[in-house]
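**Student:** Before we start, here is the structure in question, set down as structure tokens.
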Amino acid sequence: MPRLGQYDYVFAIGTFFALLDAYNNGANDVANAWATSVSSRSITYRQAMVLGTIFEMVGAITVGARTADTIKNGIIPNAAFRGDAGVQMLAFTCALAGASTWVMWCTRHSAHVSSTYSLISAIAGVGIATVGASKVQWGWNNGKGLGAIFAGLGMAPAIAAGFGAAIFMLIKVTVHMRRNPVKWAVYTSPFFFLIAGTICTLSIVYKGSPKLGLNKKPAWYVASVVMGTGCGLAILAAIFFVPYVYSKVIKRDASVKWYHAFLGPALFSRPAPQIEEQSVVPNYAVVQDDDLPSATPATLVNGDRDSDEKIDRDLPMPELHLVSPQQTPNMAPTPYPATFKELNDAAEERFHAKLRQNRGPLGWAMRTLHENPMGPGAIYETKNMKIFAKRLPAMITVGALYGLHYDIHAAQSGIHGTPEGKRMERVYSYAEKYPNEVEHTYSFVQILTACTASFAHGANDIGNSVGPWAVIYSAWNTGDAAASKLPVPLWQLAVLSAAISVGLITYGYNIMKVMGNKITYHSPSRGTSMEMGAAVTVLVFSQYSLPVSTSMCITGATVGVGLCNGTLKAVNWQRVGLLMISWIATIPIAGTIAGVLMGLFLNAPHFGS
């Protein structure tokens, strides 16, 4: 059948919302997936962006097409469109519009939601508006109906919590509870590399890429490859990683560099360094002195703030002073407690003052915006239009680079002196702190588990955006509604995985700041357990073609590991409750938006031919 040229505009609009949905996925779900590694200080935010970009694309391109089939054909049966490719294009365009609009709004307001369930709910809403509620697959439908998908809403977090807690308790019993945990951490590290390597290999081989046909191999082949790779990684860790970490952590040899790891066992005979030459491992504490934002804003008298005032990052800010109505302007101001907004604005201003001292493009952009505030009156005033023209390049630069310099840990631990800050202090106080030398050993393992989790996310969540977009493209390109059953083109997987990476890089910080340490205390050994628990859960669900939210899995694993501290008080249940509310609210809201759009467009009055 010929291409539907009369619906080029529908394809264009659908492509836009598919890209927006993928961008939101990166800014929301992927940011949450990497929040664990960044919160544990195993990697920096910039390193997370690089590794996230690589492994999201690899996972999406190699194995990402399997869950896309559920999104395309499992919720609304293809026969329900009665062969009308135009209606099918419109339906999935409205689904993408409803889901991406809702997730974008939530991301803007730092409200973490599941992009997976947002899109699934939107497709269900569109299905009701298009073919009626009776045609939507509400049941299990061989694991592809809404019943099976929404079952994951309760199953996935619970299962991930169990996996995460089990792995961390294994680390806790094996290492943390020992009399000399540092040596135990070093010598048992190959075993945990074995676990991480097995999970990583399992995600590639057992899950199987449709293009490589690995999922069609016999069970003995899958088992031998998975265990062989895991054991091989453990052997390599024993030969090269253990001597390297032994020299860095136990012998504290500052002269050992990363490339010395290739010397292997020869590092054991390396002479011990002098005391003044001993190395110091990084500090993995969540709250550090340079992370604490100021709890008091700059002095305000009569509510007037000097917009040009520059706040020194090394000096404490004076407390807030307001003049009460009973005082005259000549009387000394009476101290008045600062509001949360004023405390938050002051902390943000201190952070911006630090950014303005940078020499790079972001520093120039922040100084330009600070030194060129908009004047009085509307934006169309001549003076304001000139100022806006000067500010526009700086605004674009800040939008692209702000996340690269965002202080994630300070935002997660809360502003000191506020109810949120006090709540996080209480949560952190119930978490046992382990030696930095032990945590440093697991920071290497966490890099592997983080990449595994990112690969699993790319394999699972790419189906969210590419499924509807693949339907729109196939219907537009062939004019046949049945063409939606065709395999997803590789170029669509590549384009949307790139959009996911852009979302993580430019806006992921806005979600990452309310996750990670905002739920419970993080450290590399804890983060390793969380990520492996979540990765296993995602891969199990994806193996059965069940789209599951990576956000729910990592959140469930985070709670499970937090409970391993032995008390409920080690978890910020307020944040967990808000997450659950947002997850549940997503279902009716996203479905309603998409359903209303579809019903309006499909049944809109029009001129007769």
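Even glycines carry a Cβ here, placed using N, Cα and C.
Sharing the features that TrEMBL gives for it:
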type	residues	note
TRANSMEM	48-65	transmembrane segment
TRANSMEM	85-105	transmembrane segment
TRANSMEM	117-136	transmembrane segment
TRANSMEM	148-172	transmembrane segment
TRANSMEM	184-206	transmembrane segment
TRANSMEM	218-242	transmembrane segment
TRANSMEM	493-512	transmembrane segment
TRANSMEM	576-602	transmembrane segment
**Student:** What residues elsewhere in the chain lie close to the transmembrane segment (85-105), defined as a C-beta under 8 angstroms and at least 6 residues from its ends?
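**Tutor:** Long-range Cβ neighbours of the transmembrane segment (85-105): 1, 4, 7, 10-11, 13-14, 17-18, 20-21, 24-25, 28, 76, 113, 115, 118-119, 121-123, 125-127, 129-130, 465, 468-469, 471-472, 475-476, 478-481, 483-484, 586, 589-595, 597-598, 601-602.
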**Student:** Would the transmembrane segment (48-65) count as touching the transmembrane segment (117-136), i.e. at least 3 C-beta pairs under 8 angstroms with sequence separation of 6+?
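**Tutor:** Not in contact, no.
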**Student:** With pairs closer than 6 in sequence left out, are the transmembrane segment (184-206) and the transmembrane segment (493-512) joined by 3 or more CB pairs under 8 Å?
**Tutor:** no
**Student:** Applying the under-8 angstroms CB criterion, which one of 48-65, 148-172, 184-206, 218-242 scores highest with the transmembrane segment (576-602)?
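**Tutor:** By the under-8 Å Cβ criterion, the transmembrane segment (576-602) pairs most with 148-172.
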**Student:** Report, as numbers and ranges, every residue of the chain located at least six residues beyond the transmembrane segment (218-242) whose Cβ falls under 8 Å of a Cβ in that stretch; write 'none' if there are none.
**Tutor:** 186-187, 189-191, 193-198, 200-202, 205-206, 261-262, 264-265, 444
**Student:** Do any residues, 6 or more residues outside the transmembrane segment (148-172), come within under 8 Å Cβ-to-Cβ of it, and if so which ones?
**Tutor:** 70, 74-75, 117, 120, 140-141, 192, 195, 442, 525-526, 528-530, 532-534, 536-537, 540-541, 546-549, 552-561, 563-564, 583-584, 587
